[in-house]
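S.K.: Sharing the features that TrEMBL gives for it:
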| type | residues | note |
| --- | --- | --- |
| COMPBIAS | 120-152 | compositional bias 'Basic and acidic residues' |
| DOMAIN | 160-249 | domain 'Sec20 C-terminal' |
| REGION | 71-91 | region 'Disordered' |
| REGION | 112-154 | region 'Disordered' |
| REGION | 354-380 | region 'Disordered' |
| TRANSMEM | 228-246 | transmembrane segment |
| TRANSMEM | 258-280 | transmembrane segment |
Amino acid sequence: MSTIATLQARLKELSTTLGQIRPSIDKLRNFTPAEKGDEERVELGAEIHAGLKDTEEELELLRIEVEALDSGSDNRRKHSVTSGEKDAEKERVVMTTARLADDIKKTRGDFRNAQLNAKRQSELTRRKERELLLSRPHPSERQGRPSEKLTQDDLVLNASNDVTAALRRTHHLMQTELSRSQFAQETLQQSTAAISSLSESYTSLDTLLASSRTLANSLLRSQKSDTWYLETAFYILLATIAWLVFRRILYGPLWWMVWLPFQFAFRVLFAATGIVGISVGKSVQSLSSMIAADISATILESAVPTTTTAGVPVHSDLVTEEEEDRLIDKIGKMVEEGEDQEDRTLDEIMAEEKQKVEKAPRNPKKRMMEGERDVMREEL
């Protein structure tokens, strides 16, 4: 970063350069066309324009450095206390930069006015020369009557002198117009070259944009495919890690702590259900046989004595109401006793199964085999 002294020196040099440009602007403002025509005016204008352009570029760089210096000083003010002299110098640099920018703007305006004034004077001078050439009186009219006394040779000589002067003026005007046309041709050639280079730049820019678009599309497609491949590989990796964790860490404990107890409990429950079903079937069958026997005995006891008529036994179909009530009560008692007996049988079976489970050995396979053997023995 430039220091304050360096910035002041550069501002002073820039002000000196601007002061050297002002006399050239005054010269252009008071310019009068000479024998060279407009060439000197055009060269002087180009020189002033180049000087002003360089001055403006240098001022822009100085302004950026001054802004950076000002922002750096603001940051330093927040952290430390600087001297008043440095702040005053910075303020002077900022004010000098602003004043110099105003001077450059004013000089640019004066340069434009000087160009217009010089061009106006040049056109006015050419117009006067043209009017003078067209309105110049003939030598015979200026001499009047004394010309009548001149000889024929004198008249021819005067006419040739007038024609020569007119041709010289015409030649001078033609040279001026030729120089202007040459300058216009050079400007046109420069403009054509600039347009050609600009066209080439635009063509190269179009080609660059097309190639960039193609590259972006290919990158987008490759990114999509790469993303899909990466996601698929990531999911496969997660599945592999999960399978390894399950197989190496969780499979054994789950087999011994979840699957085998569940399988054993299921088999025990299935065996208990089978035993209960068999015992219930046997109790129901015995109960039904007992009920049938009691009913048949009761019917036989309550039957009316038979009488024989002509060698054929005859039974009475009439039964008293008291015998019917007694028979119904007996059947109900027998059913209740059968249910109580069934409940007692189920409780006894469950108690026996619990005792067997508690007394079972540690080996689950051996315990299951012994339980199956006990069930088979009970069934037999």
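Heads up, residue numbers simply count up from 1 along the chain you see.
Note: Cβ is positioned from N, Cα and C throughout, glycine not excepted.
Keep in mind that this is a model prediction, so the values were computed, not measured.
Are these features on the surface or tucked inside, and what are their neighbours?
M.R.: Residues of the same chain that sit 6 or more residues outside the transmembrane segment (228-246) yet have a Cβ under 8 Å from a Cβ within it are not found.
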S.K.: Please work out the mean pLDDT for the residues of the domain 'Sec20 C-terminal' (160-249).
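M.R.: Reported value for the domain 'Sec20 C-terminal' (160-249) is a mean pLDDT of 88.
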S.K.: What does DSSP give as the helix, strand and coil breakdown of the domain 'Sec20 C-terminal' (160-249)?
M.R.: 90 helix, 0 strand, 0 coil
